Structures are given as structure tokens and as C-alpha cells.
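Contents: one structure, followed by commentary.
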């Protein structure tokens, strides 16, 4: 049975009436089918937390810096606009999946554009997710063990607590984290198995937000915060083009499209997927807007590209050091729990790319284990040998992420193999593609120009 023909059922048994079989297959008998005979279905709440965790990754840390470029009014408006655009693109994906009876994003691209479409999608997920996971691991290393990538040494939490030792060096800390946190969490074959860690992950992001709001309110009361800039400061063409560099960050902040089908396939009632998407987007947009406003209020024009780096200085309030550590530790723990949610579709798409005709994971434990070990090793090595990849992160945001979020869904709609697209859909999709291509071309140019200006010796 495929997701395209699951009838809406008025009465479905509660998941509590039947024990959940942990060995239930992740995928059905063929890669493009969806059916869970032994599994009773994922709950609405679990699905919301899994999708929310997919959305709220490291992107949240770059959002206060977008406020510095756009100003508070335009910045908040852009977050809301991106949330609505993301909801529209996911709705198109789901509608065309139902029409074509496709149970995965890759299957949908294959339905619209054949084998080439499926391979393009899988390659985009690989580029996006490997880049994102390496960034997560780098941030965890920076927070726990410190970093010297910018020239000055920023002390890590463990280094601050215990001093410099071999056991809190970056490589060893990341090795322990990989072996005892990432590897066990990456072994689940169903995405619903991660719903509890996802709920904890969202809670930790909220802890970060609550502490930031608390510090900002205290500093507002004692009058040590200046009025923030409400609109962008555009003085010349360079500052105008810089506005577009925020688009890849905002796009990356809402990318969750690669996990929507996995969550949909496991839902107890597949008609709930649209409310799940809307609830997750509303929750994440609220967290994003609050973080952006209060993060920018707190640090103003001193807001760094990664606001987490602002939390290793004196905040000018009592218990500053303790609050700094609480923010950094809660966020490092949040990223550790986001890791398996982003890793899940990465492994699934790599398997589809390398073994398109092979039997699915639940019947091939050796292949599942080898792909898991191989990918975790690549990510671990990337995080240890790439000192800082924020520029690369912006590049993946401007390429793979924008393809996954807007260009691919719009292309599927414009292709319209099942003749279900309305005129409004097509106008929206043309707008999506023009916005994505133009803004990201400008962002890549602007980033490259800034990089050349920063390193003039390389350009001579």
C-alpha cells in the first residue's frame, strides 16, 4: 500500500492498544512503497517534534546576525515570509506525492524527471546533510574544547572547568561524542524512534532562548542596551547587495523537506501530515523570531555570524560565566540530538544512490551498518580536519539547500505530470525559482567578493 492511496480513516486504534515492534521495517518491500504492517504508526506529537528538530539546527545561531544586516522589522518579516514559502513548497511536494503515489522525495523527483531527477535529489541531500552535520560537529568541538580558527583562542567549556588536558582536547572529545552519542542514536531504523530525543532537543533550544531572553530583560532594566536598528543600513551598492547574503541563511533555517516523506510514511493517520507541518513551522518560527530579536537586542552591532561565539565574553551581569556555560552546553546538547534526525535521510539517500535496486535496510543489516559507519567516519574526519566551514555552510545553503527547499518542488509542479497544478501554483513556483536563483547568485557573488577583499594577497 502506498501513501498515495491511504484512505482517511475516521477510527484508528490508538498506538497504546498494541505494543510497538522495535524491529518493524523502516521501508517496505520495495524502495518506493510505504507500508508498516508490524508498526502501529507515529503520533502527531512525535511527528511535530521530529520535523521541528529537522528545522531547528545550527541555522538558529546565524539568525541574530541576519537582524544586524536586515534590521529588526525586515528581519522578522523575512522569517515569517520564509515560513509561509516553506509551507507552500511542502504542500506542493505532498500533493504531487499523493498523485504519483510516491513514498519518498527521491521517488517524486524520479516520477517527474526520471532517473536523472532522482539522482539529482539524492546528490543534493548528500551535499546539504554532510555539510550540515560537519558544521554541527565543529560547533560541538568549539563549545566543549575551544577553537583557535579565528586567530584568537576561544576557551571551551571543558577547558574552562578543568584546564587543558589530553582528555578534553578537541579530537578526543569528538571521538567520545561520536562513539557514545552519535553512533547509538544513528542505529535506529525508524525515524519515529527518535521522537523522544527530538522533544528533548527542542526543549534544549527553548532553554537557550529562555536564558537569552532573561539576560536581555535584565540588561534592558538596568539600561545597558541601546535601541536596536529597525531597518537595514543601506549606504552604497555593496551594503545593498549584502542584504541578499541573508537569503541562504534563512533558506537553510527552514529546510526540512528531505524528512517530510519519512515522517508522513510513519504517521498513524496520514491526513495529519499538513497539520504536523504547520504546527512544526509555527513552533520553529516563534523560536526563530524570539532568538533573532533578543539575540540582536543583547549584542547589537557586535553580534557575530555565530551568536554562540558571543557567549564567551563578560555579559555585564551577575553570574555571567555560569549563564554563558549554560547557554553553550544546552546548545551543544541540542545539536547532539539533532544529529541523528539529519543523519537519517542522509543514509537513506546514499543507499538509494548506491543501491537503487537492492532490498531495503530492514532486510540488510550489513549494508545498514557499513553505510552508517562509513558516513559517521567521513563526518568525524571532516570536523577534525576542516577548521571552520562557515563559508562552505553558506555555499551549501546557496546551492543544495535552496534546490531541496524551493527549486525542486517548483520544478515538479511546473512539470505537472498529473495535470493537477493550478495557475496560482505555477505563478508561485516561477516566483520561487526566480527568487531562489537571483538571491543566491547575488549571495554567492557577495560572499566571494567579501572573501577576496578579506584576502587581497590571494587575488594579486
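The backbone N, Cα and C atoms fix where each Cβ goes, and this holds for glycine too.
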Stretch carrying transmembrane segment according to TrEMBL (options 8-31, 392-415):
392-415
Annotated transmembrane segment segment (source TrEMBL; candidates 141-160, 241-260):
241-260
Which listed span TrEMBL calls transmembrane segment, if the choices are 97-118, 119-140:
119-140
May I ask for the residues of the chain that lie six or more residues beyond the transmembrane segment (241-260) and have a Cβ under 8 Å from a Cβ within it?
50-51, 54-55, 59-60, 62-63, 65-66, 69-70, 75, 78-79, 82-83, 86, 89-90, 93-94, 105, 125, 128-129, 132, 191, 232, 234, 273, 277, 280-281, 284, 288, 341, 344-345, 349, 393-394, 396-398, 401-402, 404-406, 408-409, 436, 439-440, 442-443, 445-447
Winner by Cβ pairs under 8 Å against the transmembrane segment (119-140), considering only 200-221, 329-348, 427-452:
329-348
Under 8 Å between C-beta atoms and at least six residues away from its ends: which parts of the chain pack against the transmembrane segment (368-386)?
130, 133-134, 137-138, 141, 170-171, 174-175, 178, 182-183, 186-187, 189, 343, 346-347, 350-351, 354, 361, 392
How about the transmembrane segment (167-188) and the transmembrane segment (280-299): do they have 3 or more C-beta pairs under 8 A, pairs 6 or more apart in sequence?
no
